[in-house]
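Novice: Per TrEMBL, transmembrane segment is recorded for 12-37, 57-79, 86-111, 214-234. Per TrEMBL, the feature disulfide bond maps to CYS156-CYS178.
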Amino acid sequence: MKTRNKVLAWKYYLNVFNGIFLALGIMLLTFGLWLLFDRNNLFSVLFSSGENQPVSYISFMLLGAGSLITFTSAMGFIGSVQETKCLLATYMCFQVLVFVTQITMPVLVFLKKEVVHHQWNKRIDEVISEYGNKSLAEKELEWNILNAVQHNMECCGRYDVTQWEKNKNKESSTQIPCSCTKSSLKEWFCDVPRNSTYSMGCERYLDTWFENNVLILTGINISLLITQIFVIKLTMQLLRNIRKNNIWPDESDE
């Protein structure tokens, strides 16, 4: 195959994989923005305040990685189209940097997973204890999201309905959140017989939600790593063929 044709072929393959790389980077950016700004998911709301803010740390890490990937992809597209060796070499160096970052992220997620999960359960227990306290009106967003989880999943408390016995903000000890029943009342607590409440705890549903999001994030990272291996190899091939084409420019005219 003529050297010039090889250059065009490697450019095409590189741009295809670079496009996949960019799409995955945008997914990381979206994931980070969702965690940082979505006020309708329990995980973000529970961890957006207080001394420990794992959501903020995870969000900024994802935003940083996503931004670096987007910048690197743009550099790759420009270097490929213009066949600029210096830009492509810089692009490959950034790919190696991102590759190391992407290896580090899953390791951190794996190491911190149990810590975050423990804090997650602890914060849910705190929300259940504070629920309905009239002096904590600023916490109503957390309570409303907890109500939505209990109502939609037909569950009650983190481990079961008896957890609400620890709540001291009820008018009577027999009351439970209205969201633990099929009641449509927009009150914090309702007087209903215990046998008419949802008996199963929400922990299983919450754990599944947590695990699914960890799996999604891990899947994006693994996809990025695989894509980067191809991108680095393709960039090396493109640089090699651009160099050959510059050394033997007449070969393309044979």
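Yeah, the Cβs are placed from backbone N, Cα and C, and that goes for glycine too.
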Novice: If you count every Cβ pair below 8 Å, which range out of 12-37, 57-79, 214-234 shares the most with the transmembrane segment (86-111)?
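Specialist: Per the Cβ under 8 Å count, 57-79.
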Novice: For CYS156, CYS178, listed as disulfide-bonded residues, tell me which one has the smallest number of other Cβ atoms within 10 Å.
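Specialist: Lowest Cβ count within 10 Å among the disulfide-bonded residues (CYS156, CYS178) is CYS178.
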Novice: So if I exclude everything within five residues of the ends of the transmembrane segment (12-37), which remaining residues of that chain have a CB under 8 angstroms from its CBs? That is, six or more out.
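Specialist: Residues 43-44, 55-56, 58-63, 65-70, 72-74, 76-77, 80, 216-217, 220, 223-224, 227-228, 230-231, 234-235, 238 contact the transmembrane segment (12-37) from elsewhere in the chain.
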Novice: When you scan the chain for residues with a C-beta under 8 Å from the transmembrane segment (57-79), skipping those not six or more beyond its ends, what do you find?
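Specialist: Distant Cβ neighbours of the transmembrane segment (57-79) are 14-15, 18-19, 21-22, 24-33, 35-36, 87-88, 90-91, 94-95, 97-98, 101-102, 105, 108, 217, 224, 231, 235.
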